[in-house]
Amino acid sequence: YDDDSDDYGFEDDGYGGYAPPRAFNIRQALHEQQQQQFRQLYSAYPIAAYMDNKADANYGGKIFMPPSALEDLSHRDVVYPLLFKLQNDNQPAGSPTKRTHCGVLEFTAEEGRVYLPQWMMETLGLSPGSVIEVINVALLRGAMVKLQPQSTDFLDISDHRAVLENALRKFSALTVGDIIAFEYNGREYKVAVIETQPSPTAINIVETDLTVDFAPPVGYVEPTRPETAASGSSAHSRPSSGIARDIRRREEKAKDERAGSRFAAFRGSGNRLSSRSVSRAGAGADDGRPPSVRSYASNSLEAEGEAKKHVPEGDLPVPLDLPVGTLFFGYDLALPPGAEALEASAEDAEKFHGAGRVLRQRRKR
């Protein structure tokens, strides 16, 4: 049949005026798909230099696009989350096209412009105002990524997992060959993406569990250790095991330091109001508890035992043993010497002596 016409040579006999279904045209299907795909040319500018109020987006993997792009995408059959391929076709003859993948943060840029992070401008070899093509694409959900730090300063981070999780939240896609940048504690760190799975070129990392592996940083020297036959063979089979062990060792050390500085209740020793000090050897030796956890009763018994050591045996108080049901209200009063004579003389003294007086005389009947 003629590919440029709609005449497929079918005649109107036995089909009620309608031709049978057309044969599938691959070229036409690809043409229709390209018509549905979002493809636009924009002038690229760095975020840090032209958007002062959006400086935090400079360390991430999302761009700013104009509102017309959102209106155009709303009329197309697109896959969410929105992912775009950025490619720079203005390359010397024979040089490969530079490309990367990203998400979109806002549709607030001026018409005809897109704003990119600085690391993305460097990856694509762009200068402010260079023309770039933005294409809407769909990527496979990522399962694994292998990163290579661009300096040994990356090893100074105490918790690599937490830092990377926080940094990669600002990215929607990772592309093999990119050198992404993130900020931590006021310092900039750069990491190269050298491998992705399941796609060998780019992956989608939005709301996915990602396994991260590390290659030795640029300039990293493996510390010398005594080698055995087994360790030598494993080192040749897994060249990145050394850096992985080093990172795990540093993370375990940081966790131990945090655990040591964490608050724990009932730590230390107890203090008394008296001047006597409590010996730690005898205190809490039987139950394994520190002195500060022992009860007041146990401390009182111990103090009583210490006091008995310094009192003569004859002066020790006798324990009070009473039968069951008997109440004790105290010992008999013991008067001091000479108190009995004073009490007897007081009883013999005359009390209330003298004559009485009345204000009114009583009448006799």
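Placement of Cβ uses the backbone N, Cα and C atoms for every residue, glycine included.
Quantities reported herein were computed from a predicted structural model and do not represent experimental measurements.
It is 344-365, from the ranges 14-35, 344-365, that TrEMBL records as region 'Disordered'. Beyond the compositional bias 'Basic and acidic residues' (245-260), the same-chain residues lying 6 or more positions past its ends with a Cβ under 8 Å from any Cβ of the stretch are 155, 158-161, 214, 223. Averaged across the domain 'Ubiquitin fusion degradation protein UFD1 N-terminal subdomain 2' (142-217), pLDDT for the predicted model comes to 91.
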